[in-house]
């Protein structure tokens, strides 16, 4: 199980996040995620997805359900405590032969349980991985653009630490345990 501590500028509360992937077959797995808000002691998110990887296309597709009191980096729904159905897709294009620089397009759509409220997201990003940036230190830099919100974003990852920020001033920090 993967666990992390997360703190976002808009939440003012530390969250504990856990994720487990259970392999169904070679390229398919069942993924369960959950989050706990340490300020309220209540669940802040949860999801269950079936994800399939298409190795010939360097792409993934996921279908499942999710529950979020607050969706990704500060994007909120009108009513926050509904179950939502979700579809996710991602395609990676290597930019360099060594695979350290990639261009990725990704998208997703959530719909509430009554099929009345839709929320789409999608974007494109460049990712650059630098192994052994310094001794025992790997770094990843992502620069992208979220198309539906029309906002550029940045991610810097160093071993267990990840910092995310966007042009609207939203940010969060994650530490993987």
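Yeah, the Cβs are placed from backbone N, Cα and C, and that goes for glycine too.
As recorded in Swiss-Prot:
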- 1-21: topological domain 'Cytoplasmic' (TOPO_DOM)
- 22-31: transmembrane segment (TRANSMEM)
- 32-55: topological domain 'Chloroplast intermembrane' (TOPO_DOM)
- 56-65: transmembrane segment (TRANSMEM)
- 66-81: topological domain 'Cytoplasmic' (TOPO_DOM)
- 82-91: transmembrane segment (TRANSMEM)
- 92-97: topological domain 'Chloroplast intermembrane' (TOPO_DOM)
- 98-107: transmembrane segment (TRANSMEM)
- 108-120: topological domain 'Cytoplasmic' (TOPO_DOM)
- 121-130: transmembrane segment (TRANSMEM)
- 131-137: topological domain 'Chloroplast intermembrane' (TOPO_DOM)
- 138-147: transmembrane segment (TRANSMEM)
- 148-152: topological domain 'Cytoplasmic' (TOPO_DOM)
- 153-162: transmembrane segment (TRANSMEM)
- 163-168: topological domain 'Chloroplast intermembrane' (TOPO_DOM)
- 169-177: transmembrane segment (TRANSMEM)
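Within the model, the topological domain 'Cytoplasmic' (108-120) shows a mean pLDDT value of 92, rounded to a whole number. Within the chain carrying the topological domain 'Chloroplast intermembrane' (131-137), a Cβ under 8 angstroms from the stretch's Cβ atoms is held by residues 100, 158-159, all 6 or more beyond its ends. Sorting each residue of the topological domain 'Chloroplast intermembrane' (32-55) by its DSSP state yields 0 helix, 18 strand, 6 coil. When each of the listed stretches 22-31, 121-130, 153-162, 169-177 is scored by C-beta pairs under 8 angstroms to the transmembrane segment (138-147), 121-130 comes out highest.
Beyond the transmembrane segment (121-130), the same-chain residues lying 6 or more positions past its ends with a Cβ under 8 Å from any Cβ of the stretch are 72, 75, 95, 100-109, 138-149, 153. Within the chain, the topological domain 'Cytoplasmic' (1-21) has long-range Cβ neighbours (under 8 A, six or more residues past its boundaries) at 29-40, 44-45, 70, 73-74, 169-177.
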